[in-house]
Amino acid sequence: MKSRHDGLLYVGPATVFLFFVMLVPLAYVVYTSFWAAGGPTIAAYHRLLASELFLRTLWSTFEISVSAAAASMLLGYPIALHLARQSPRKRAIYMVLVLVPFWTSILVKSYAFTVLLGRDGLVNHALSVLFHTQVQLPMLFNRFGVIVGMTNYLIPFIVFPVLASLLAIDRSLYLASEIAGAKPPRIFFQITLPLSLPGVVSAGLSTTVMSLGFFVIPALLGGRKDAMMSNLVDFYTREALDWNMASAIGVILLGIVTLAALGADWFRRRSTRRVATNSAESGTKQGVFA
């Protein structure tokens, strides 16, 4: 007979690990942001909120993160949709193919993009051959290069949560809609997309949050105007040696991400509840595709 302490036995080691690896460092960062040589202070927050560099970098970080997450969603959703329609055997093979680029070091992939996207890189060379003219599109050391590099890294994090939501959809809904004469576009917008929304919101939020902390890709593929918060933290810790400011940046970013996560969770619950209510009312009164 199982004891009530069995759960603690399973969860305890992971809880202790997370406490020392995540919560303790996080608490120290918060402490450092409010503590300077002279004692407790909020001077770092005043300096940051009054700094044009910080505000510009913060806005740039959110622009790049949302753009990369949106581009990853536009590319990753069709991949997940295609995988959901395959047999389990083929799906397993395709899932490995999706993961293969993820196994490559982000540093190696970033250097590879410098070869692909440079003014004399493979992409511009291919365009020159195709259009029979010299093409030198500026795709490197700017925002475009950063978004391309981040999108390449984030696609697997879109595919698998969305795929899980797509596989959880009851197949009988598709069969019923086809029998009722619904066309594929209507099936997608009334069944597939609404019911996969939890995976879409989860994947979109996770990729956006991950994008906020990117460091290598902006440093190698971006320009001076494309610096992100991680690059600013690196400046304060490695060059300015101001841990108070660096910690304050981390705390502000953590607060913004927490609010965004709560908002996304509220939106997901509301959307899921609305889809369930509409489906029930429609099915009771006249059928979904009547």
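In case you wondered, yes, glycine gets a Cβ from its N, Cα and C as well.
Annotations in TrEMBL come from automatic prediction, not curation.
As given in TrEMBL:
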type	residues	note
TRANSMEM	7-31	transmembrane segment
TRANSMEM	58-80	transmembrane segment
DOMAIN	58-264	domain 'ABC transmembrane type-1'
TRANSMEM	92-112	transmembrane segment
TRANSMEM	153-174	transmembrane segment
TRANSMEM	195-221	transmembrane segment
TRANSMEM	241-264	transmembrane segment
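Listed by sequence, the residues of this chain that lie at least six past the ends of the transmembrane segment (241-264) yet keep a Cβ under 8 A from its Cβ atoms are 26, 29-30, 32-33, 35-36, 41, 43-45, 47-48, 54, 58, 201, 204-205, 208-209, 212, 229, 232-233. Long-range contacts of the transmembrane segment (7-31) within the same chain: residues 247, 250-251, 254, each at least 6 residues beyond the stretch ends and with a Cβ under 8 Å from a Cβ of the stretch. Counting only same-chain residues 6+ beyond the ends of the transmembrane segment (92-112), those with a CB under 8 A from a CB of the stretch are 79, 82-83, 86, 149, 152-153, 155-156, 159-160, 216-217, 220-221.
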